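Peer 1: Submitted below is the structure of interest, expressed as C-alpha coordinates.
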Amino acid sequence: MVRAWMSVFFRKLFGVLCLLWVSTAFACEIPFRNFNKTYCLTPIANESNGVNQTSDVYSVSGKALQVSLSNRLIVRASGLTKLSLQALDSRIAAVNELYLMPESNYYLVTLNTRDQLSAVMKVLSSTSNISLVQPDILQLTIRTDTGRTNTEDQQLALNPAPYFSQLDIPTLWQTTKGRGVKVAVIDDGFALSHEELRFTDVVFSYDAEQKVQDVSPKSELDIHGTKVVGTIFAAHDERGIDGIAPEAGLIAIRNSDTWTSRTLLSFYLAKLSNADIINASWASQWLLDPLADIVSDLAQNGRAGKGIAVVFSAGNAGLELTADASEASLLDAVVVGAADEHGKRTRFSNYGSSVDAYIYGKPSPAIKAGGGYGHFSGTSLSAAVASGYFALLLSATPSLTLDQLVSQLQIAQFGSQVIPSSTPIHLRDL
(Lines of atoms letter the chains of each structure in order from A and count residues from 1; the text may use other names and numbers.)
(Lines give C-alpha, C1' and ligand atoms only; values in the text may rest on other atoms or scores of the structure.)
Protein backbone atom coordinates (compact mmCIF):
# COMPACT_ATOMS: atom_id res chain seq x y z
CA MET A 1 0.00 0.00 0.00
CA VAL A 2 2.80 2.41 0.96
CA ARG A 3 4.81 1.49 -2.13
CA ALA A 4 1.81 2.12 -4.38
CA TRP A 5 1.21 5.53 -2.74
CA MET A 6 4.89 6.45 -3.04
CA SER A 7 4.87 5.42 -6.71
CA VAL A 8 1.88 7.67 -7.46
CA PHE A 9 3.47 10.55 -5.50
CA PHE A 10 6.78 10.43 -7.35
CA ARG A 11 5.03 10.13 -10.73
CA LYS A 12 3.03 13.30 -9.98
CA LEU A 13 6.13 15.07 -8.66
CA PHE A 14 8.04 14.13 -11.78
CA GLY A 15 5.18 15.45 -13.95
CA VAL A 16 5.15 18.79 -12.12
CA LEU A 17 8.92 19.13 -12.44
CA CYS A 18 8.69 18.38 -16.16
CA LEU A 19 6.02 21.06 -16.60
CA LEU A 20 8.18 23.57 -14.73
CA TRP A 21 11.19 22.71 -16.87
CA VAL A 22 9.21 23.04 -20.12
CA SER A 23 7.66 26.36 -19.09
CA THR A 24 11.11 27.71 -18.12
CA ALA A 25 12.87 26.38 -21.22
CA PHE A 26 10.30 27.89 -23.55
CA ALA A 27 9.53 31.06 -21.60
CA CYS A 28 8.99 34.21 -23.60
CA GLU A 29 11.91 36.31 -22.40
CA ILE A 30 10.95 39.50 -24.25
CA PRO A 31 7.32 39.76 -25.40
CA PHE A 32 6.21 42.78 -27.42
CA ARG A 33 3.36 43.84 -29.69
CA ASN A 34 3.63 44.47 -33.42
CA PHE A 35 0.53 45.15 -35.53
CA ASN A 36 -1.70 43.97 -32.66
CA LYS A 37 0.05 40.62 -32.41
CA THR A 38 2.32 39.48 -29.59
CA TYR A 39 5.76 38.17 -30.54
CA CYS A 40 8.29 36.49 -28.29
CA LEU A 41 12.02 37.07 -28.56
CA THR A 42 14.03 34.16 -27.17
CA PRO A 43 17.84 34.20 -26.87
CA ILE A 44 19.70 31.58 -28.85
CA ALA A 45 22.26 29.70 -26.77
CA ASN A 46 25.86 30.05 -27.94
CA GLU A 47 28.19 27.22 -26.95
CA SER A 48 31.73 28.36 -26.25
CA ASN A 49 34.41 26.09 -24.75
CA GLY A 50 31.73 23.55 -23.93
CA VAL A 51 29.70 26.07 -21.91
CA ASN A 52 26.29 27.37 -23.01
CA GLN A 53 26.24 31.15 -23.03
CA THR A 54 23.47 33.57 -23.91
CA SER A 55 24.28 35.49 -27.08
CA ASP A 56 22.81 38.73 -28.36
CA VAL A 57 20.98 36.82 -31.12
CA TYR A 58 17.29 36.07 -30.63
CA SER A 59 14.72 33.98 -32.44
CA VAL A 60 11.29 35.46 -33.22
CA SER A 61 8.20 33.39 -32.50
CA GLY A 62 6.29 32.49 -35.64
CA LYS A 63 9.00 33.74 -38.00
CA ALA A 64 12.04 32.20 -39.65
CA LEU A 65 14.07 35.19 -38.59
CA GLN A 66 16.87 36.00 -36.19
CA VAL A 67 17.41 39.43 -34.71
CA SER A 68 19.96 41.16 -32.53
CA LEU A 69 19.10 43.43 -29.61
CA SER A 70 20.89 46.15 -27.69
CA ASN A 71 20.09 48.02 -24.49
CA ARG A 72 17.73 50.33 -26.38
CA LEU A 73 13.95 50.64 -26.71
CA ILE A 74 11.71 52.36 -29.26
CA VAL A 75 8.89 54.25 -27.54
CA ARG A 76 5.95 56.18 -29.02
CA ALA A 77 4.50 58.71 -26.61
CA SER A 78 2.33 61.80 -26.54
CA GLY A 79 2.35 64.58 -23.96
CA LEU A 80 5.74 63.54 -22.55
CA THR A 81 9.09 65.30 -22.75
CA LYS A 82 12.45 63.56 -22.84
CA LEU A 83 12.97 64.41 -19.16
CA SER A 84 9.56 63.20 -18.03
CA LEU A 85 10.03 59.98 -19.99
CA GLN A 86 13.43 59.34 -18.44
CA ALA A 87 12.00 59.98 -14.98
CA LEU A 88 9.58 57.05 -15.34
CA ASP A 89 12.24 54.47 -14.41
CA SER A 90 15.66 54.74 -12.76
CA ARG A 91 17.06 52.15 -15.17
CA ILE A 92 16.69 54.57 -18.10
CA ALA A 93 20.08 56.11 -18.84
CA ALA A 94 19.12 58.44 -21.70
CA VAL A 95 16.25 59.49 -23.99
CA ASN A 96 16.67 60.90 -27.51
CA GLU A 97 14.16 62.07 -30.09
CA LEU A 98 13.94 59.90 -33.21
CA TYR A 99 10.91 61.10 -35.14
CA LEU A 100 8.40 63.83 -34.24
CA MET A 101 4.80 63.73 -35.49
CA PRO A 102 1.81 66.05 -34.99
CA GLU A 103 0.14 63.94 -32.27
CA SER A 104 2.90 61.72 -30.92
CA ASN A 105 6.67 61.26 -31.02
CA TYR A 106 9.12 58.39 -31.28
CA TYR A 107 11.94 58.25 -28.76
CA LEU A 108 15.06 56.14 -28.39
CA VAL A 109 15.25 55.02 -24.76
CA THR A 110 18.66 53.74 -23.67
CA LEU A 111 18.87 51.52 -20.57
CA ASN A 112 21.82 50.83 -18.31
CA THR A 113 22.05 47.18 -19.42
CA ARG A 114 20.40 44.92 -21.97
CA ASP A 115 19.05 42.50 -19.36
CA GLN A 116 16.73 45.28 -18.16
CA LEU A 117 14.77 45.34 -21.44
CA SER A 118 11.83 43.17 -20.43
CA ALA A 119 11.28 44.78 -17.02
CA VAL A 120 11.43 48.35 -18.29
CA MET A 121 9.21 47.48 -21.27
CA LYS A 122 6.57 46.26 -18.80
CA VAL A 123 6.76 49.51 -16.82
CA LEU A 124 6.55 51.74 -19.89
CA SER A 125 3.78 49.71 -21.53
CA SER A 126 1.56 50.27 -18.51
CA THR A 127 2.16 54.03 -18.52
CA SER A 128 -0.51 56.38 -19.82
CA ASN A 129 0.51 58.50 -22.84
CA ILE A 130 2.76 55.68 -24.10
CA SER A 131 1.16 53.79 -26.99
CA LEU A 132 4.04 51.61 -28.22
CA VAL A 133 7.14 50.01 -26.73
CA GLN A 134 9.44 47.76 -28.76
CA PRO A 135 13.07 46.70 -28.51
CA ASP A 136 15.42 48.42 -30.93
CA ILE A 137 15.77 45.54 -33.40
CA LEU A 138 18.48 44.63 -35.92
CA GLN A 139 17.19 42.10 -38.44
CA LEU A 140 20.03 39.75 -39.37
CA THR A 141 20.38 39.24 -43.13
CA ILE A 142 22.93 37.97 -45.63
CA ARG A 143 23.76 40.32 -48.49
CA THR A 144 24.25 38.79 -51.94
CA ASP A 145 25.47 40.19 -55.26
CA THR A 146 23.69 39.05 -58.43
CA GLY A 147 25.45 41.43 -60.83
CA ARG A 148 26.80 40.63 -64.28
CA THR A 149 30.45 40.42 -65.28
CA ASN A 150 32.46 43.54 -66.03
CA THR A 151 32.55 42.76 -69.78
CA GLU A 152 28.78 42.60 -69.96
CA ASP A 153 28.64 45.78 -67.87
CA GLN A 154 30.74 47.76 -70.35
CA GLN A 155 28.73 46.55 -73.35
CA LEU A 156 25.48 47.34 -71.59
CA ALA A 157 26.59 50.90 -70.77
CA LEU A 158 26.72 51.78 -74.48
CA ASN A 159 22.93 51.70 -74.90
CA PRO A 160 20.32 53.98 -73.25
CA ALA A 161 17.85 52.18 -70.99
CA PRO A 162 14.30 51.59 -72.32
CA TYR A 163 12.69 53.42 -69.38
CA PHE A 164 13.56 56.78 -70.94
CA SER A 165 11.30 56.17 -73.92
CA GLN A 166 8.68 54.20 -71.99
CA LEU A 167 8.06 57.14 -69.64
CA ASP A 168 8.67 59.75 -72.36
CA ILE A 169 11.36 61.33 -70.20
CA PRO A 170 13.13 63.24 -73.04
CA THR A 171 9.90 65.18 -73.61
CA LEU A 172 9.81 66.17 -69.93
CA TRP A 173 13.45 67.32 -70.20
CA GLN A 174 12.33 70.01 -72.63
CA THR A 175 10.60 71.64 -69.65
CA THR A 176 12.71 70.65 -66.64
CA LYS A 177 15.48 68.41 -65.37
CA GLY A 178 14.35 68.45 -61.77
CA ARG A 179 15.45 71.86 -60.52
CA GLY A 180 13.81 72.95 -57.27
CA VAL A 181 12.89 69.44 -56.10
CA LYS A 182 14.65 67.58 -53.28
CA VAL A 183 15.07 63.82 -53.48
CA ALA A 184 16.26 61.93 -50.42
CA VAL A 185 17.98 58.59 -50.98
CA ILE A 186 18.42 56.25 -48.01
CA ASP A 187 20.90 53.54 -48.90
CA ASP A 188 24.28 51.92 -48.19
CA GLY A 189 26.55 54.74 -49.30
CA PHE A 190 27.22 57.08 -52.21
CA ALA A 191 30.38 57.60 -54.25
CA LEU A 192 29.74 61.29 -54.80
CA SER A 193 33.27 61.73 -56.20
CA HIS A 194 32.26 59.74 -59.31
CA GLU A 195 32.66 61.87 -62.43
CA GLU A 196 28.91 61.65 -63.10
CA LEU A 197 28.07 63.05 -59.66
CA ARG A 198 30.73 65.74 -59.17
CA PHE A 199 28.29 68.56 -59.91
CA THR A 200 25.26 67.09 -58.12
CA ASP A 201 23.55 69.59 -55.81
CA VAL A 202 23.98 67.80 -52.45
CA VAL A 203 21.79 69.81 -50.07
CA PHE A 204 22.32 67.50 -47.07
CA SER A 205 24.30 64.37 -46.22
CA TYR A 206 24.51 62.19 -43.12
CA ASP A 207 25.75 58.74 -42.18
CA ALA A 208 23.21 57.40 -39.66
CA GLU A 209 25.56 54.60 -38.61
CA GLN A 210 28.76 56.55 -37.98
CA LYS A 211 27.04 59.89 -37.22
CA VAL A 212 29.16 61.91 -39.66
CA GLN A 213 28.45 63.88 -42.83
CA ASP A 214 30.65 61.66 -45.00
CA VAL A 215 28.25 59.29 -46.81
CA SER A 216 30.82 57.48 -48.96
CA PRO A 217 30.68 53.66 -49.10
CA LYS A 218 32.38 52.11 -46.08
CA SER A 219 33.02 48.64 -47.53
CA GLU A 220 33.32 46.95 -50.90
CA LEU A 221 29.75 45.66 -50.40
CA ASP A 222 28.34 49.20 -50.36
CA ILE A 223 27.57 49.43 -54.09
CA HIS A 224 23.78 49.77 -54.19
CA GLY A 225 23.26 53.41 -53.20
CA THR A 226 25.67 54.74 -55.82
CA LYS A 227 23.66 52.98 -58.55
CA VAL A 228 20.41 54.46 -57.26
CA VAL A 229 21.84 57.98 -57.09
CA GLY A 230 23.43 57.64 -60.52
CA THR A 231 20.11 56.59 -62.06
CA ILE A 232 18.50 59.78 -60.76
CA PHE A 233 21.33 62.35 -60.73
CA ALA A 234 24.01 61.39 -63.29
CA ALA A 235 25.16 64.48 -65.21
CA HIS A 236 24.12 65.21 -68.78
CA ASP A 237 27.66 65.63 -70.06
CA GLU A 238 27.53 63.72 -73.36
CA ARG A 239 29.38 60.75 -71.89
CA GLY A 240 28.54 57.73 -69.77
CA ILE A 241 24.90 57.75 -68.70
CA ASP A 242 22.24 60.40 -68.18
CA GLY A 243 20.34 60.69 -64.91
CA ILE A 244 16.59 61.25 -64.96
CA ALA A 245 16.59 64.42 -62.84
CA PRO A 246 20.21 65.67 -62.72
CA GLU A 247 19.29 69.18 -61.53
CA ALA A 248 17.28 68.05 -58.50
CA GLY A 249 18.75 68.46 -55.02
CA LEU A 250 20.12 65.33 -53.34
CA ILE A 251 19.57 64.48 -49.67
CA ALA A 252 22.04 61.63 -49.19
CA ILE A 253 21.50 59.50 -46.09
CA ARG A 254 23.70 56.47 -45.57
CA ASN A 255 22.17 53.61 -43.61
CA SER A 256 23.07 50.05 -44.52
CA ASP A 257 21.52 48.10 -41.64
CA THR A 258 18.03 47.55 -40.20
CA TRP A 259 18.27 48.90 -36.65
CA THR A 260 14.82 50.39 -36.09
CA SER A 261 16.30 53.49 -34.45
CA ARG A 262 18.60 54.28 -37.39
CA THR A 263 15.82 53.71 -39.90
CA LEU A 264 13.47 56.08 -38.09
CA LEU A 265 16.22 58.68 -37.77
CA SER A 266 17.05 58.41 -41.47
CA PHE A 267 13.48 59.16 -42.50
CA TYR A 268 13.21 61.98 -39.97
CA LEU A 269 16.35 63.62 -41.35
CA ALA A 270 14.82 63.42 -44.82
CA LYS A 271 11.67 65.07 -43.47
CA LEU A 272 13.62 67.82 -41.70
CA SER A 273 15.55 68.44 -44.94
CA ASN A 274 12.22 69.12 -46.70
CA ALA A 275 12.43 66.13 -49.02
CA ASP A 276 9.73 66.03 -51.71
CA ILE A 277 10.54 62.41 -52.53
CA ILE A 278 12.21 59.72 -50.45
CA ASN A 279 13.74 56.80 -52.30
CA ALA A 280 14.16 53.53 -50.39
CA SER A 281 15.06 50.94 -53.02
CA TRP A 282 15.03 48.14 -50.46
CA ALA A 283 12.81 46.22 -48.06
CA SER A 284 13.46 44.52 -44.74
CA GLN A 285 12.47 40.97 -43.82
CA TRP A 286 9.95 42.08 -41.21
CA LEU A 287 7.77 45.18 -41.21
CA LEU A 288 7.62 46.84 -37.80
CA ASP A 289 4.90 49.18 -36.52
CA PRO A 290 7.12 52.28 -36.16
CA LEU A 291 8.18 52.33 -39.81
CA ALA A 292 4.61 51.91 -41.03
CA ASP A 293 3.62 54.75 -38.72
CA ILE A 294 6.18 57.24 -40.01
CA VAL A 295 5.53 56.37 -43.67
CA SER A 296 1.88 57.23 -43.07
CA ASP A 297 2.92 60.53 -41.49
CA LEU A 298 5.13 61.41 -44.46
CA ALA A 299 2.49 60.44 -47.03
CA GLN A 300 -0.37 62.22 -45.29
CA ASN A 301 1.29 65.26 -43.71
CA GLY A 302 4.42 65.86 -45.76
CA ARG A 303 4.79 68.72 -48.23
CA ALA A 304 2.22 70.79 -46.31
CA GLY A 305 -0.40 68.09 -46.68
CA LYS A 306 0.23 67.25 -50.34
CA GLY A 307 2.19 64.15 -49.32
CA ILE A 308 5.81 63.08 -49.64
CA ALA A 309 6.31 60.21 -52.07
CA VAL A 310 8.07 57.46 -50.09
CA VAL A 311 9.18 55.03 -52.82
CA PHE A 312 9.97 51.40 -51.97
CA SER A 313 10.95 48.58 -54.30
CA ALA A 314 8.55 45.63 -54.42
CA GLY A 315 11.30 43.00 -54.14
CA ASN A 316 12.76 40.41 -56.48
CA ALA A 317 11.46 37.06 -55.19
CA GLY A 318 8.57 36.71 -57.66
CA LEU A 319 6.10 36.39 -54.77
CA GLU A 320 2.74 37.91 -53.92
CA LEU A 321 3.06 40.50 -51.18
CA THR A 322 1.00 39.93 -48.05
CA ALA A 323 -0.29 42.48 -45.56
CA ASP A 324 2.26 43.80 -43.04
CA ALA A 325 5.00 41.55 -44.46
CA SER A 326 7.50 44.25 -45.45
CA GLU A 327 7.68 47.91 -46.44
CA ALA A 328 6.47 46.83 -49.89
CA SER A 329 3.07 46.01 -48.40
CA LEU A 330 2.46 49.57 -47.17
CA LEU A 331 -0.47 51.25 -48.89
CA ASP A 332 0.77 54.70 -47.88
CA ALA A 333 4.08 54.08 -49.67
CA VAL A 334 4.65 54.15 -53.41
CA VAL A 335 5.61 50.55 -54.16
CA VAL A 336 7.23 49.84 -57.52
CA GLY A 337 7.65 46.47 -59.20
CA ALA A 338 9.71 45.60 -62.27
CA ALA A 339 8.53 45.44 -65.88
CA ASP A 340 10.24 44.33 -69.08
CA GLU A 341 10.74 46.18 -72.37
CA HIS A 342 7.09 45.51 -73.26
CA GLY A 343 5.75 46.92 -70.01
CA LYS A 344 4.81 43.52 -68.62
CA ARG A 345 5.69 42.48 -65.08
CA THR A 346 8.89 40.44 -64.95
CA ARG A 347 8.85 36.97 -63.43
CA PHE A 348 11.24 37.99 -60.67
CA SER A 349 9.21 41.00 -59.50
CA ASN A 350 7.05 40.70 -56.41
CA TYR A 351 3.44 41.66 -57.00
CA GLY A 352 0.18 42.30 -55.16
CA SER A 353 -2.45 44.87 -54.30
CA SER A 354 0.09 47.18 -52.66
CA VAL A 355 2.16 47.59 -55.83
CA ASP A 356 1.36 50.92 -57.49
CA ALA A 357 3.17 50.44 -60.79
CA TYR A 358 5.59 48.20 -62.69
CA ILE A 359 8.46 50.13 -64.26
CA TYR A 360 11.35 48.86 -66.36
CA GLY A 361 13.73 46.83 -64.20
CA LYS A 362 15.90 44.73 -66.48
CA PRO A 363 19.69 45.32 -66.67
CA SER A 364 20.42 48.94 -67.50
CA PRO A 365 23.54 51.13 -67.60
CA ALA A 366 24.64 52.46 -64.22
CA ILE A 367 27.62 54.03 -62.49
CA LYS A 368 29.81 51.98 -60.16
CA ALA A 369 30.95 52.94 -56.66
CA GLY A 370 34.55 52.16 -57.60
CA GLY A 371 34.41 54.33 -60.73
CA GLY A 372 33.39 53.65 -64.27
CA TYR A 373 30.18 52.00 -65.39
CA GLY A 374 28.31 48.79 -64.79
CA HIS A 375 24.68 47.75 -64.69
CA PHE A 376 21.66 48.01 -62.42
CA SER A 377 18.51 45.90 -62.46
CA GLY A 378 15.58 44.63 -60.43
CA THR A 379 12.87 46.46 -58.54
CA SER A 380 15.57 48.65 -56.97
CA LEU A 381 16.15 50.15 -60.41
CA SER A 382 12.39 50.45 -60.96
CA ALA A 383 11.97 52.40 -57.71
CA ALA A 384 14.89 54.70 -58.58
CA VAL A 385 13.38 55.41 -62.00
CA ALA A 386 10.00 56.21 -60.41
CA SER A 387 11.71 58.56 -57.94
CA GLY A 388 13.47 60.45 -60.72
CA TYR A 389 10.26 60.62 -62.74
CA PHE A 390 8.41 62.11 -59.75
CA ALA A 391 11.15 64.76 -59.47
CA LEU A 392 10.51 65.87 -63.04
CA LEU A 393 6.75 66.01 -62.49
CA LEU A 394 7.07 68.04 -59.28
CA SER A 395 9.61 70.39 -60.79
CA ALA A 396 7.17 71.18 -63.60
CA THR A 397 4.08 71.26 -61.34
CA PRO A 398 4.93 71.67 -57.63
CA SER A 399 1.26 71.63 -56.59
CA LEU A 400 0.78 67.95 -57.51
CA THR A 401 -0.43 65.78 -54.64
CA LEU A 402 0.91 62.33 -53.88
CA ASP A 403 -2.13 60.65 -55.40
CA GLN A 404 -1.76 62.74 -58.55
CA LEU A 405 1.90 61.70 -58.82
CA VAL A 406 0.99 58.03 -58.55
CA SER A 407 -1.79 58.43 -61.11
CA GLN A 408 0.64 60.10 -63.53
CA LEU A 409 3.11 57.24 -63.07
CA GLN A 410 0.42 54.69 -63.80
CA ILE A 411 -0.75 56.55 -66.89
CA ALA A 412 2.85 56.75 -68.12
CA GLN A 413 3.31 53.05 -67.39
CA PHE A 414 0.44 52.13 -69.71
CA GLY A 415 0.94 54.91 -72.23
CA SER A 416 -2.32 55.94 -73.85
CA GLN A 417 -4.00 52.69 -72.84
CA VAL A 418 -6.77 52.62 -70.27
CA ILE A 419 -5.44 51.54 -66.89
CA PRO A 420 -6.77 48.03 -66.13
CA SER A 421 -9.22 47.85 -63.24
CA SER A 422 -6.89 45.41 -61.47
CA THR A 423 -4.22 48.11 -61.21
CA PRO A 424 -4.46 49.73 -57.76
CA ILE A 425 -4.82 53.47 -57.43
CA HIS A 426 -4.45 54.14 -53.72
CA LEU A 427 -6.37 57.11 -52.39
CA ARG A 428 -4.31 57.63 -49.27
CA ASP A 429 -6.56 60.24 -47.70
CA LEU A 430 -9.55 57.88 -47.37
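Every residue gets a Cβ built from N, Cα and C, even glycine.
Keep in mind the model is a prediction, meaning the values are calculated, not measured.
Reproduced below are the annotations present in TrEMBL:
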type	residues	note
ACT_SITE	D187	active site, charge relay system
ACT_SITE	H224	active site, charge relay system
ACT_SITE	S380	active site, charge relay system
DOMAIN	178-405	domain 'Peptidase S8/S53'
SIGNAL	1-27	signal peptide
Peer 1: Identify, in sequence order, the residues in the chain of S380 (active site, charge relay system) that are 6 or more apart from it along the sequence and have a CB within less than 8 Å of its CB; answer 'none' if there are none.
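Peer 2: Spatial neighbours, sequence-distant, of S380 (active site, charge relay system): H224, K227, V228, S281, W282, S313, G361.
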Peer 1: If you average pLDDT over the domain 'Peptidase S8/S53' (178-405), what do you get?
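Peer 2: So the average pLDDT across the domain 'Peptidase S8/S53' (178-405) works out to 97.
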Peer 1: Please report the number of other Cβ atoms within 10 Å of the Cβ of D187 (active site, charge relay system).
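Peer 2: The answer is 27 other Cβ atoms.
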Peer 1: Taking 10 A as the limit, how many CB atoms besides its own sit near the CB of H224 (active site, charge relay system)?
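Peer 2: Its Cβ has 21 other Cβ atoms within 10 Å.
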